[in-house]
Amino acid sequence: MKSLQKGFTLIELMIVVAIIGILAAFAIPAYNDYIARSQAAEGLTLADGLKIRIADHLENGSCMETANAGAGEKGNQDIGKYGLAEISGDYDESKTDAKDENGCKVTITYGQGTAGEKVSKLIKGKTLILLQLVNGSYTQGGGDIDPKFVPNAVKKVQ
């Protein structure tokens with residue numbers, strides 16, 4: 001009488017390992033892209049926080065804090081976990097249409113935040129420039145970040 005065979009053969013185990021390797025080859029880059037996109041989205045959160053400061057500065061006719069700002073001013077920068085957002089540009093009062101750019105811009109530099117060493121290597125050291133519109137929203141104005149990591153809320157329609 002033959003005894004019952006138990007377990008898997010070596011070939012079956014090798015096939016399973018090969019399948020897992022193929023799946024990992026697709027999953028790891030997709031996961032890295034996901035992490036980079038989520039970290040890049042923090043820049044938009046920082047920029048949204050600067051909208052109020054820009055609005056305050058526009059009352060003085062400037063995008064940025066003036067040199068003689070009061071002691072309560074927070075400055076032209078906001079530092080997050082993965083990036084640094086900074087206000088720049090020259091206010092253009094002649095623009096009145098809500099979709100026009102008002103001259104103010106926010107430059108987000110990834111990798112200069114409080115956890116800069118933990119930023120995805122796909123966006124570390126990259127910049128995203130956001131142009132503020134008259135209606136207060138932002139649109140993409142440049143930078144060297146890969147377009148696939150730019151948050152959808154600010155992507156320019158091509």
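Quick reminder: no glycine exception, Cβ is built from N, Cα and C everywhere.
In the three-state DSSP scheme, Cys63 (disulfide bond) is classed as coil. Here Swiss-Prot flags Cys63-Cys104 as disulfide bond.
Annotation comment: Swiss-Prot describes Phe8 as N-methylphenylalanine. When secondary structure is read from DSSP and collapsed to three states, Phe8 (N-methylphenylalanine) falls in the coil class. Taking Cβ-Cβ distances under 8 Å and a sequence gap of 6 or more within the same chain, the neighbours of Phe8 (N-methylphenylalanine) are Val16.
As annotated by Swiss-Prot, transmembrane segment applies to 8-28, with the evidence given as sequence analysis. Sequence-remote contacts of a segment are chain residues at least 6 beyond its ends whose Cβ falls under 8 Å from one of its Cβ atoms, and the transmembrane segment (8-28) has none.
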DSSP-derived structure type at Cys104 (disulfide bond), helix or strand or else coil: strand
Disulfide-bonded residues listed as Cys63, Cys104, least Cβ neighbours within 10 Å: Cys63
